[in-house]
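Visitor: Just lifted these from TrEMBL, have a look:
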{"type": "BINDING", "residues": "Tyr68, Arg71", "note": "substrate binding site"}
{"type": "BINDING", "residues": "Gln102, Asn103, Val104, Asp105, Gly206, Thr207, Ser208, Asn232, Pro233, Gln234, Ala250", "note": "NAD(+) binding site"}
{"type": "BINDING", "residues": "Cys128, Cys166", "note": "Zn(2+) binding site"}
{"type": "DOMAIN", "residues": "1-268", "note": "domain 'Deacetylase sirtuin-type'"}
{"type": "REGION", "residues": "135-159", "note": "region 'Disordered'"}
Amino acid sequence: MDTDLQQAAGLLRTARRVVVFTGAGISAESGVPTFRDDLTGLWSRFNAEHLATPEAFHADPDLVWGWYEWRRSRVRHAEPNPGHLAVTAITRRVPGAVVVTQNVDDLHERAGSPEVTHLHGSLFAPRCVGDGAHPATFPDATQNVAHDESPSGEPADGRRIPPPLCVSCGALVRPGVVWFGEELPGSALTTAAESAAASDLFLTVGTSGMVYPAAEIPRIAVRAGAAVIQVNPQPTQLDLFCTINLLGTAAHVLPAIVAAAWPPSTRG
Ligand code: BV8
């Protein structure tokens with residue numbers, strides 16, 4: 001690993017057009033479950049990929065809204081981890097470095113990354129299902145997130161919560177995420193694809209590379225001739241495309257790469 005780490009650091013130090021592409025794994029060490037982790041509590045009865053669909057919301061809005069409010073509470077009670085902070089360090093060291101995430105949490109932003117491209121939307125951008133897709137706000141602070149928060153501040157997971165109604169048109173409010181079967185935001189996908197196509201170094205961190213069209217982004221970088229560094233403790237669908245495959249967690253490996261690329265004595 002050390003040789004690979006030093007090689008990765010050398011690529012990062014000399015790269016000019018860097019893209020950092022992240023998935024749920026970068027938030028795992030912040031206590032935010034990845035997408036395919038066994039859902040904890042009552043959610044273990046459900047399959048995330050079935051819940052994250054328009055059909056599931058249409059069939060049972062209280063169940064799906066409750067799931068997202070539980071996830072939003074998990075994120076609100078989480079902190080960015082050293083992996084998120086290392087990504088921010090890269091954005092500060094490499095002018096024009098681009099951060100693209102599949103995640104719907106706000107931990108990259110809370111770690112200080114200036115511009116984050118969200119391919120799958122955000123837990124913090126609800127909108128209504130009406131024709132106007134009006135942006136919505138969450139209930140006031142007194143009711144913030146799921147009701148009946150336990151003393152630890154965690155919501156009662158598995159809790160069904162009726163979604164609010166749009167103040168503009170009265171339609172149901174839905175999570176501001178991209179569900180399975182829904183189109184990704186065109187501007188985000190274009191930014192991600194164009195950045196990957198122009199990159200000379202592409203870091204893919206904490207993603208299984210299984211969800212499309214997002215999983216196409218690393219492949220665009222490969223076709224463009226970029227060096228690809230993967231950080232993941234497990235094998236993934238992207239193993240074949242990697243220049244360097246660092247088997248380890250984001251919170252440990254990313255800070256190590258940054259420290260090796262820009263040793264403290266050279267820190268500006
Ligand atoms: C669409 C928001 C069409 C919601 C999510 C080919 C082309 C196009 C589409 C498809 C296709 N084949 C199949 C499809 C359909 C589908 C799809 O890809 N299905 C998969 C399951 C095969 N795609 C879609 O439906 C997309 N829409 O195609 O629409 C269309 C076109 C035009 C007009 C109308 C329609 C929409 C996909 C978006 C779905 N929404 N999220 C929500 O979050 O609730 S995706 C969801 O999965 C999350 O965003 C998650 O981030 C994402 C990807 O998963 P990962 O991030 O990789 O997370 P995962 O849990 O899988 O893996 C975690 C990794 O971390 C693991 O590798 C693990 O080892 C690692 N790890 C763990 N701990 C750590 C770690 N790594 C580092 N450090 C650690 N500590």
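Counting starts with 1 at the first residue shown.
Any Cβ shown, glycine's included, is placed from N, Cα and C.
Those TrEMBL annotations? Automatic predictions, nothing curated.
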Visitor: What Cα-Cα separation, expressed in whole Å, is found between Arg71 (substrate binding site) and Cys166 (Zn(2+) binding site)?
Guide: 21
Visitor: Restricting the comparison to the binding-site residues Tyr68, Cys128, Cys166, which residue's C-alpha is spatially nearest the C-alpha of Val104 (NAD(+) binding site)?
Guide: Tyr68
Visitor: Would you identify which of the binding-site residues Gly206, Pro233 has the most other C-beta atoms lying within 10 angstroms of its C-beta?
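Guide: Its Cβ has the most other Cβ atoms within 10 Å: Gly206.
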Visitor: Which one is it: of the binding-site residues Gln102, Gly206, Ser208, whose Cα lies the shortest distance from the Cα of Cys166 (Zn(2+) binding site)?
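Guide: That would be Gln102, nearest by Cα distance.
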Visitor: Taking the Cβ of each of the binding-site residues and counting other Cβ atoms inside 10 Å, which one has the highest number: Val104, Cys128, Cys166?
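Guide: Answer returned by the neighbour count: Val104.
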Visitor: How does the model score the domain 'Deacetylase sirtuin-type' (1-268) in terms of mean pLDDT?
Guide: 91
Visitor: Nearest by CA distance to Cys128 (Zn(2+) binding site): which of the binding-site residues is it, out of Tyr68, Gln102, Pro233?
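Guide: That would be Tyr68, nearest by Cα distance.
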Visitor: So if I measure Cβ to Cβ from Ala250 (NAD(+) binding site) and keep only same-chain residues at least 6 apart in sequence, which ones fall under 8 Å?
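Guide: Set apart from Ala250 (NAD(+) binding site) by at least 6 residues yet with Cβ under 8 Å, we have Thr22, Gly25, Ile26, Ala28, Glu29, Asn81, Gly83, Ala86, Val205, Gly206, Val231.
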